[in-house]
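One structure is given below, encoded as structure tokens.
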Amino acid sequence: MTKTVYVLNGPNLNLLGTREPQVYGSQTLADVEQLCTAACARHGLALVFRQSNHEGALVDWIHEAGRLHAAGQLAGVVLNAAAYTHTSVALLDAVKGTGVPVVELHISNVHARESFRHHSYLAGAARAVMCGFGVQGYALAIDGLAQW
């Protein structure tokens, strides 16, 4: 049975490649999806790759991943909640409520940026937190999930 990795991207990540390239790099979200597709293929994993600017959509997708997790069909979730990392109790509750293994991911090193970005509601519920590796962090997170 092939397990699935969900890669969920939060607000403004649809602007990758044009938004603050000095912080986030020049690769687009489509480039990130290709990177994730290749990483999953290396491990024989299926990929669900999504982005939304809406918190409720991210919650719904975590619930969807939770159903796969309950059926033993989920390798894990790579969650780049973007700004919702610092504000969303709803995402925290979704992760806790479903028990999905989550890697919290940030393209930039959030700890080297503004102080409001230093706090994560999700970190305590995540299996791992990765930041500062650029978009390559997505592939590294998938590599980690494949080992669990």
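Numbering starts at 1 and runs along the chain as displayed.
Including glycine, each Cβ sits where the backbone N, Cα and C put it.
Per Swiss-Prot, the features are:
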ACT_SITE  Y24  active site, proton acceptor
ACT_SITE  H106  active site, proton donor
BINDING   N80, H86, D93, I107, S108, R117  substrate binding site
SITE      R19  site 'Transition state stabilizer'
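Recorded features from Swiss-Prot, shown on the structure.
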{"residue": "R19", "record": "site 'Transition state stabilizer'", "DSSP class": "coil"}
{"residue": "N80", "record": "substrate binding site", "DSSP class": "strand"}
{"residue": "H86", "record": "substrate binding site", "DSSP class": "helix"}
{"residue": "D93", "record": "substrate binding site", "DSSP class": "helix"}
{"residue": "H106", "record": "active site, proton donor", "DSSP class": "strand"}
Cβ neighbour count within 10 Å of D93 (substrate binding site): 14
Integer Å distance between the CA atoms belonging to R19 (site 'Transition state stabilizer') and D93 (substrate binding site): 29
All-chain count of other Cβ atoms within 10 Å of S108 (substrate binding site): 18
Lowest local Cβ density among R19, H86, H106, which the record lists as recorded positions, within 10 Å: R19
